[in-house]
Structures are given as C-alpha cells and as structure tokens.
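Provided herewith is a single structure, encoded as structure tokens, for subsequent inquiry.
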Amino acid sequence: MLYQKEIWVGIISVFLGIAMWEVTKRLRQADISVPFIPLFFGGQAMIWLTWPWGTAGSVGAFAATVVVCMIWRLLSQGLGSQPVNYLRDVAITVFVAAWIPLFASFGALLVYPDNGAEQVFCLMLGVTFSDIGGYAAGVLFGKHPMAPAISPKKSWEGLAGSLVVGTTASTLAVTFLLGHHPFVGIALGVMLVITGTLGDLVESQVKRDLGIKDMGTLLPGHGGIMDRLDSLLPSAVATWIVLTLFI
C-alpha cells in the first residue's frame with residue numbers, strides 16, 4: 001500500500017476529514033464557532049497540494065485557509081452585528097488548522113521520496129513502540145505522575161520506558177530500513193518520544209478545557225479518530241524534520 005503513494009495520501013485525507021469533523025463538532029458543542037466547511041476543504045488542499053508543490057503547497061494552502069476562515073467567521077454573524085468572541089473563535093480556528101491538517105501534511109510529505117515507504121514505516125514503528133514502552137513501564141513501575149492535572153495516568157517511569165523502547169525501535173528502523181547511521185535513528189527516536197508525549201498532553205488539555213473524555217465515539221472504548229492521531233500528528237512533523245536534515 002505504501003508503495004502506491006496516492007493510496008497513502010488518500011488514507012491521510014480520509015482520517016484528516018474525520019478528525020476535523022470530530023474536533024469542530026466538540027468545539028461547536030462548547031459554543032465555539034469554528035467553520036467546518038473551509039477547514040475541511042482547506043485541510044484537503046494542505047494534503048493534496050503537497051503532491052505537486054511539497055511544503056510550499058501545504059504552507060500556501062494553510063495561509064489561504066486561515067484567510068478564508070477569518071472572512072467566513074466575520075460574515076457568519078453579519079456585518080451589521082456587534083462582534084461576539086470573534087478573536088477567540090478565529091484564534092481557535094487557526095490552532096485547529098495547524099494542529100490537524102498542517103501537521104498531517106508532513107505525513108504526506110514523508111512518502112514522496114524514493115524511500116518514502118521506509119520513512120513512513122520509521123514514523124509508525126517509532127510511535128508504536130514508544131507507546132508500547134510507555135504503557136508497559138507505566139503499568140509496571142509508574143509511581144511519579146508527570147502531569148497529574150492534565151493526564152493523571154502518565155508517569156515519568158512511563159516516559160523513560162517510551163524513551164528506551166521507542167529510541168531502540170527508531171534506531172533499528174533507520175539503520176536497517178533506510179541504511180543510515182544509528183545516530184540518526186537515536187535523534188529520531190528521542191524526537192518522537194518528545195513530540196508524541198507532548199501531542200498526547202496537548203489533546204488531553206484541550207479535552208479538559210472542553211469538559212469531555214474523548215473527541216469522538218467512532219472507536220468504541222478508544223474514543224474517536226483524533227484520539228488515535230494525537231501523538232502521530234506532531235510526530236509526523238518531527239520525522240520529516242529529522243529525516244530531511246540528516247538524510
């Protein structure tokens with residue numbers, strides 16, 4: 001599948017659309033006016049315009065999406081009406097546009113080079129084994145909460161487990177799949193642990209602000225699609241940066 005690049009990009013665009021719907025729905029339930037339509041189509045543009053124009057296509061589509069959303073929010077309440085929460089709503093809209101589709105576009109950028117499939121595997125393996133290591137170490141040894149007010153189950157022992165297992169997996173993946181120096185794999189592994197952990201904490205903070213447990217209900221017992229993407233999205237950015245700088 002990953003060797004058919006358009007299929008991978010298509011999968012990203014589908015999951016992106018679902019995640020955008022989940023998040024904008026939750027925001028609307030909290031009386032925050034975030035326009036789904038321009039965010040959805042702008043997000044699709046951020047993904048698909050990476051195909052012909054790379055990062056320029058993604059960043060250009062992001063800028064255009066922000067402008068359209070600003071105008072959309074302005075017109076949605078009527079030009080003759082007193083502005084209500086305009087700055088708040090636009091700021092949150094820009095945050096969502098960066099958090100989901102812009103970050104996701106870096107997942108698409110990973111697959112375009114000749115070794116694109118291998119780069120994507122490095123991302124997926126690093127994030128997956130980081131999660132496994134963090135969960136196992138947290139369950140077995142977790143005693144010191146990392147951020148009890150945001151995510152009570154996260155512990156420093158779990159972070160250490162993520163660092164050991166995730167970095168080991170990333171080092172092996174970069175060495176044997178990409179054929180590059182193990183130091184690149186170590187750098188990638190450390191970055192994935194940091195960005196994955198922070199991505200999870202960011203989503204947890206957003207959910208606490210909104211007073212909800214999960215972003216969606218599509219996956220019974222696991223929340224929604226966005227609840228599965230929280231660590232992957234910033235990790236895609238980190239993977240692209242590390243592999244672009246060092247390879």
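Each residue, glycine too, has its Cβ placed from N, Cα and C.
For reference, TrEMBL lists these features for the protein:
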{"type": "TRANSMEM", "residues": "6-23", "note": "transmembrane segment"}
{"type": "TRANSMEM", "residues": "32-51", "note": "transmembrane segment"}
{"type": "TRANSMEM", "residues": "57-75", "note": "transmembrane segment"}
{"type": "TRANSMEM", "residues": "87-112", "note": "transmembrane segment"}
{"type": "TRANSMEM", "residues": "118-137", "note": "transmembrane segment"}
{"type": "TRANSMEM", "residues": "158-177", "note": "transmembrane segment"}
{"type": "TRANSMEM", "residues": "183-202", "note": "transmembrane segment"}
Looking only at residues six or more beyond either end of the transmembrane segment (6-23), which have a C-beta under 8 A from one in the stretch?
34, 36, 39-40, 43-44, 47-48, 50-51, 96, 100-101, 104, 107-108, 111, 120, 215-216, 218, 224-226, 229
Look over the recorded stretches 32-51, 118-137, 158-177 and say which has the most C-beta pairs under 8 A to the transmembrane segment (87-112).
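Per the Cβ count, the answer is 32-51.
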So which residues does the transmembrane segment (57-75) touch in its own chain, when a touch means Cβ under 8 Å and the partner is 6 or more beyond its ends?
33, 35, 37-39, 42-43, 45-47, 49-51, 86, 89-90, 93-94, 97-98, 101-102, 105-106, 108-109
